[in-house]
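Have a look at this one.
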Amino acid sequence: MKKLPLCLWLVIPVGIGLIYPYLKQEPQYLEWLTIGLLIYVLFFSVVIHELSHGLAAYWGGDSTAKLAGRLTFNPISHISIVGSIVVPLGLYLMQASAVFGWAKPVPFNPVNLRQHPRDQVMLAVAGPLSNFTLAYLCFNLYIIMGVVFNRMFLESPIYLNLDMFTPLSLGQVPFEAFWFVLFEMLSFGMIINVILGVFNLIPFPPLDGSWILKALLPKKITIFFGKLQQVGFILLIIALQFHLLHVFFYPAIIILGLFQIIANLCLG
C-alpha cells in the first residue's frame, strides 16, 4: 500500500503512451492527449510546490502540515478539482497566454516558526524555488534526451518548441509513443514551472510574493496585506483578466526564450 501513491503518478503518462498509437492520426484526439499531459505536469508541479512549503515549515519548527497528513507524495491528498483540473483545462481551451492552477494549500501556522522573519521568508520562497528547480531539471533532461533522439533518428531531428497548443510531431520513429510522452512532459515541465515560479513571486495576495513582503515590511503595512488577503484571490483574477499583471511575466518570457535558444543550439 505504501507504493500505491507512487504508482498513481504513472497512470496518466503510461495510459497516454498506450493509447497514443491508436489516436495519433486524429488531430482532435491528439490534442486531448496533449491536454491530459499538460494537466498532469501542472498538477505534479503544484504538488511539489505545496510540499516544499510544508517541508520548509516543518524544518522551521511548524508541524501543522505533518500532523494533517499533507507531507505526502500521494496525489489524492493534494488534488483540488477546481484548481488542478477545471481552471487549467479552461485556460488551455481558451488558449490563454498563461496556463496555471493550484493544489490544496498545505496548512501551516507561522506562530510555530522558530525564527521570524527568516523562517517565514524561507517558507514563502520554498514554493517558487521548487518550481525553478523543476524547470531547470526538465530543461537539462530535454537537451540530454534530445541529443540521444537526434543521434538515433537522423532523419527526424527534434528541437525545443514552446508552443503548448500544438501537439508534438515526431514522424515515424520506433517507440514513438514513449518519445512523444517524454518530450511533451519535459517541455510542459519547463514552461509551467517557469510560469508558476514567476507568477507566485508577484507581491499580490494570496501569492507567495505577498508573504515575503509581509514578513519583511513594517507591521502597519502587513495589517493592510492581511485585510487584502481576504479578497486577494478575486482581485487577482480581475487583474489577470484585464492584463494588469503582464509586466510581471516578462521574466518568464526571457527565461523561456533563453531555454529555447540554448536547447536548440545544443540539438542543432
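One is the number of the first residue shown, and numbering goes on along the chain from there.
Even glycines carry a Cβ here, placed using N, Cα and C.
The annotation transmembrane segment is assigned in TrEMBL to 6-23, 35-59, 79-100, 121-145, 177-202, 223-242, 248-267. As annotated by TrEMBL, domain 'Peptidase M50' applies to 38-237.
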Tally Cβ pairs under 8 Å between the transmembrane segment (35-59) and each listed stretch (6-23, 79-100, 121-145, 177-202, 248-267), then give the stretch with the top tally.
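Maximum Cβ contact count belongs to 121-145.
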Pairs 6 or more apart in sequence, C-beta under 8 angstroms, 3 or more of them: is that satisfied by the transmembrane segment (121-145) and the transmembrane segment (248-267)?
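Contact criterion met.
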Would the transmembrane segment (79-100) count as touching the transmembrane segment (6-23), if touching means at least three Cβ pairs under 8 Å and pairs must be 6 or more apart in sequence?
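Contact criterion not met.
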